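According to TrEMBL, the domain 'Aspartate/ornithine carbamoyltransferase carbamoyl-P binding' annotation covers C:2-160. Feature annotation from TrEMBL assigns carbamoyl phosphate binding site to C:Ser47, C:Leu48, C:Arg49, C:Thr50, C:Trp75, C:Arg110, C:His147, C:Pro148, C:Leu149, C:Gln150, C:Cys273, C:Leu274, C:Arg301. The N(2)-succinyl-L-ornithine binding site annotation in TrEMBL covers C:Glu142, C:His177, C:Lys237, C:Arg277. Look at TrEMBL and you will find C:185-310 tagged as domain 'Aspartate/ornithine carbamoyltransferase Asp/Orn-binding'.
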Amino acid sequence: MKNFTSVSDVEDLQEIIKKALQIKENPLSETEKGKGKTIGLVFLNSSLRTRLSSQIAAQNLGLNVLTLNAAQEAWNLEFADGAVMNGDTVEHIKDAIEVLNQYCGIIAVRCFAGMKSKEDDINENILSQFEKYAKVPVISLESATRHPLQSLADCITITENWNKEQKPKVVLTWAPHIKPIAQAVGNSFAEWMQQMDVDFVITNPEGYDLDKNFTKDTPVIHDQDEALKDADFVYVKNWSSFDEYAAMPEVKESWMLTNEKLANTNEAKVMHCLPVRRNVELSDEVMDGKNSIIYQQAKNRIFSAQAVFSEILDEITEK
Amino acid sequence: MKNFTSVSDVEDLQEIIKKALQIKENPLSETEKGKGKTIGLVFLNSSLRTRLSSQIAAQNLGLNVLTLNAAQEAWNLEFADGAVMNGDTVEHIKDAIEVLNQYCGIIAVRCFAGMKSKEDDINENILSQFEKYAKVPVISLESATRHPLQSLADCITITENWNKEQKPKVVLTWAPHIKPIAQAVGNSFAEWMQQMDVDFVITNPEGYDLDKNFTKDTPVIHDQDEALKDADFVYVKNWSSFDEYAAMPEVKESWMLTNEKLANTNEAKVMHCLPVRRNVELSDEVMDGKNSIIYQQAKNRIFSAQAVFSEILDEITEK
Amino acid sequence: MKNFTSVSDVEDLQEIIKKALQIKENPLSETEKGKGKTIGLVFLNSSLRTRLSSQIAAQNLGLNVLTLNAAQEAWNLEFADGAVMNGDTVEHIKDAIEVLNQYCGIIAVRCFAGMKSKEDDINENILSQFEKYAKVPVISLESATRHPLQSLADCITITENWNKEQKPKVVLTWAPHIKPIAQAVGNSFAEWMQQMDVDFVITNPEGYDLDKNFTKDTPVIHDQDEALKDADFVYVKNWSSFDEYAAMPEVKESWMLTNEKLANTNEAKVMHCLPVRRNVELSDEVMDGKNSIIYQQAKNRIFSAQAVFSEILDEITEK
């Protein structure tokens with residue numbers, strides 16, 4: 001694996017899930033693999049799970065870890081090519097990346113959607129610069145349009161919770177929120193589910209359809225009750241409008257996931273990437289109920305990251 | 001030791017002081033003990049000594065260390081049970097704790113008193129959630145009402161500085177400050193001194209008596225000169241009013257510790273937990289004088305933390 | 001080496017450059033040297049290269065690393081001797097330093113010029129307190145008037161890029177900026193170049209002459225074209241006025257380094273300490289052009305730091 005920014009970087013999804021589950025059995029089986037190598041974890045945005053799970057994964061592999069809160073600890077970054085830097089920005093992203101090239105064997109970066117320009121976000125105006133200028137492997141810790149380490153953890157979690165022969169029905173359901181949130185987790189989950197052996201549907205209100213480039217042929221159902229029927233897994237997540245970019249068109253029905261709605265499913269396991277707004281996106285009773293596998297999902301972030309870092313290290317070592 | 005949030009978690013105080021002093025002699029005697037285990041240091045507030053001494057202690061034990069400045073690096077936390085999270089808070093503390101359970105073998109947390117609601121503070125509205133939801137040992141890095149790692153370091157320091165047969169007289173004296181400060185250090189010191197073989201008295205102005213639940217039968221003297229007489233140790237610390245919670249009732253006498261006041265003691269050693277407001281809480285001449293053992297106290301924070309982490313690791317390993 | 005705050009701490013410049021280049025060949029040749037020792041990296045200001053390269057260098061030597069963003073993570077510091085601390089400052093720098101003495105075998109600190117009081121800055125009002133109160137070796141990560149780890153990296157880089165018998169001509173050229181910047185990098189580079197076997201000249205507009213205490217007999221030329229003629233190395237850097245302290249006297253000519261100006265040189269290699277304001281200090285074409293050795297310079301920050309830390313460790317171990 002050369003980079004890890006989307007599902008298309010994964011050669012064999014079942015293989016990497018298997019590897020992650022082996023790592024979960026024995027997280028310290030490769031403590032020498034990263035010795036003498038350095039991973040730089042660059043955060044342009046807040047992070048709890050990604051920050052901690054990436055550090056643990058790297059430490060388990062013997063990697064040196066550099067964590068950089070870019071905005072607070074370093075310099076205000078310029079992203080525009082050719083900019084005359086006579087304003088607030090102090091360092092161009094391409095210079096920061098070139099320096100990271102000199103210091104790190106692997107660069108991992110979190111760069112959320114700005115939610116201001118649809119074009120900037122769909123073009124991944126920040127991650128694309130890492131992809132362009134990095135001379136070492138680049139790992140996305142969530143970018144404007146995708147959150148692949150989360151999606152891999154989601155695949156691991158579904159695999160752990162399904163041992164029947166028939167395919168599970170997996171429903172990604174939109175949930176309410178109080179402010180415009182990026183589509184990255186939804187997009188990414190959709191892409192990865194298309195590679196899994198599952199029946200996958202998406203449900204969201206009118207006006208909230210995700211970008212077709214990610215959902216492809218996935219059925220999109222605007223009636224939540226209908227979509228949830230017989231679901232085996234329900235993935236809860238808010239996102240703002242893609243069409244009317246970053247807007248929040250009014251939604252009249254109640255979309256918060258409750259036990260009442262769950263009753264309609266096949267005792268579905270409930271998933272969420274966290275952080276979650278309790279009693280807005282889903283009810284306390286669901287979050288704390290027996291169907292939630294949300295904390296297991298959070299734990300699997302470690303093994304998702306460790307499997308990816310390990311494969312990336314194979315690539316570096318081969319060179 | 002299962003948790004460490006107050007003196008009542010210590011089975012044998014003399015034993016742990018002895019252990020800490022052995023660690024001080026040979027800090028690297030247990031470098032394999034924590035291998036493959038992770039301690040999460042969660043800071044909801046500023047920290048210098050606690051932050052650095054905890055990191056050193058953990059590194060000396062071979063632990064992996066995750067440091068999280070929760071507010072700045074992760075998400076704004078919700079503390080109210082059952083809250084409908086449609087406001088500024090992004091993640092519920094119980095979800096954050098459950099995730100830490102998945103990632104860490106030990107959780108250590110700093111959560112100061114909010115100084116707004118007496119009830120919230122005396123009920124330890126944050127620490128109590130860690131105690132309730134953590135499935136791994138919890139260590140207090142100072143909470144609303146106690147600072148036990150500081151108090152243990154204080155006990156170590158007093159032990160190092162006393163080799164006479166009779167009990168030393170230890171005086172906790174209130175000191176002036178410019179804004180309302182929590183009672184945690186004072187409360188905690190009072191609790192621990194009651195477990196030490198010392199004559200312990202507290203002196204503070206009228207209106208500044210600490211919570212009886214911590215001071216118990218400790219004599220409280222409102223005349224500083226009288227209290228300081230023949231003292232062997234003087235612990236200087238400000239706190240705001242407990243009765244009129246977080247208020248600062250006017251104090252007419254001068255309570256700043258000076259050499260003149262020290263003359264009244266039995267060449268008392270002077271202690272303070274730091275940070276200290278020079279020439280407000282105590283004078284430069286005291287701080288920089290030969291009686292101060294304040295930096296020694298700061299150093300002992302390492303061995304206090306390391307003794308506690310080591311005992312907690314015994315517990316984990318036994319399981 | 002006891003401390004490292006200026007070129008005068010270096011006994012033999014050629015020797016330490018040679019050592020750094022050996023480290024560059026084999027960065028992991030001394031991984032046991034720092035074992036059981038701790039370096040505290042204290043940042044009072046932003047940092048990218050210094051932060052990361054120092055961490056890598058320390059890790060390569062097996063040192064424990066404590067990184068402290070003093071203002072954000074710890075307490076607001078007081079710098080005035082004898083201050084009555086009844087204002088915004090919570091901890092006196094000398095107490096913070098004494099605590100670092102207890103915790104660290106080496107203290108490294110970044111403390112930029114305040115750019116408000118010329119006297120405070122030229123007297124190094126912060127670094128001088130570290131030099132006064134530290135009981136362990138002190139390393140400057142850039143102070144008010146100098147940036148010695150940068151300058152050593154600069155010397156390493158020039159050495160790597162010059163294999164002719166005659167001395168290279170090295171030109172330090174002032175560059176435009178939009179706000180007042182300290183003279184530290186310029187001062188420091190001037191001091192170190194005087195110890196190198198080079199022909200060194202400085203060029204800057206009238207009103208921007210650096211402090212004579214640093215530049216000594218170095219020729220200062222106010223005509224950039226004249227200065228650049230036949231240059232082998234051009235070091236680009238802005239600084240504000242020293243005479244009219246921190247002012248920015250109007251400059252009528254264009255001082256931004258461009259390819260056109262470079263044509264006048266002996267195919268000079270271009271250097272800059274970063275971060276750089278593109279198209280203000282130098283043009284994109286220069287930054288991204290074949291003459292730039294700026295990223296190599298950034299990489300050499302690791303080996304500059306590692307050579308210094310290694311020499312400091314020799315000193316500690318000898319004691």
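Yeah, the Cβs are placed from backbone N, Cα and C, and that goes for glycine too.
Nearest by CA distance to C:Lys237 (N(2)-succinyl-L-ornithine binding site), out of the binding-site residues C:Ser47, C:Arg49, C:His147, C:Leu149, C:Arg301, is C:His147. In this entry, C:Trp75 stand out among the binding-site residues C:Ser47, C:Arg49, C:Trp75, C:Glu142, C:His177, C:Lys237 as having a C-beta under 8 A from a C-beta of chain B. Between the CA atoms of C:His147 (carbamoyl phosphate binding site) and C:Arg277 (N(2)-succinyl-L-ornithine binding site) there is a gap of 19 Å, rounded to the nearest whole number. Taking 8 Å as the upper bound (exclusive) on CB-CB distance to chain A, the binding-site residues C:Ser47, C:Leu149, C:His177, C:Cys273 give C:Ser47 in sequence order. Distance from the CA of C:Glu142 (N(2)-succinyl-L-ornithine binding site) to the CA of C:Leu149 (carbamoyl phosphate binding site) is 8 Å. Residue pair C:Cys273 (carbamoyl phosphate binding site) / C:Glu142 (N(2)-succinyl-L-ornithine binding site) shows a Cα separation of 12 Å.
Taking Cα separation as the measure, C:Arg301 (carbamoyl phosphate binding site) is nearest to C:Glu142 of the binding-site residues C:Glu142, C:His177, C:Arg277.
The average per-residue pLDDT of the prediction over the domain 'Aspartate/ornithine carbamoyltransferase Asp/Orn-binding' (C:185-310) is 98, rounded to a whole number. Considering only the residues assigned to carbamoyl phosphate binding, C:Ser47, C:Leu48, C:Arg49, C:Thr50, C:Trp75, C:Arg110, C:His147, C:Pro148, C:Leu149, C:Gln150, C:Cys273, C:Leu274, C:Arg301, the longest pairwise Cα distance works out to 30 Å. Across the range of the domain 'Aspartate/ornithine carbamoyltransferase Asp/Orn-binding' (C:185-310), the DSSP-based residue counts are 43 helix, 19 strand, 64 coil. Each residue contributes its Cα atom, and for C:Arg49 (carbamoyl phosphate binding site) and C:His177 (N(2)-succinyl-L-ornithine binding site) those atoms are 20 Å apart. A separation of roughly 10 Å, to the nearest angstrom, links the Cα atoms of C:Glu142 (N(2)-succinyl-L-ornithine binding site) and C:Ser47 (carbamoyl phosphate binding site). For the binding-site residues given as C:His147, C:His177, C:Arg277, C:Arg301, the lowest number of other CB atoms within 10 Å of the residue's CB is seen at C:His177. The most densely surrounded of the binding-site residues C:Arg49, C:Lys237, judged by C-beta neighbours within 10 angstroms, is C:Arg49. Sequence-distant neighbours of C:Ser47 (carbamoyl phosphate binding site) (same chain, six or more apart, CB under 8 Å from its CB) are C:Arg110, C:Leu141, listed in sequence order. Straight-line distance linking the Cα atoms of C:His177 (N(2)-succinyl-L-ornithine binding site) and C:Trp75 (carbamoyl phosphate binding site), rounded to a whole number, equals 32 Å.
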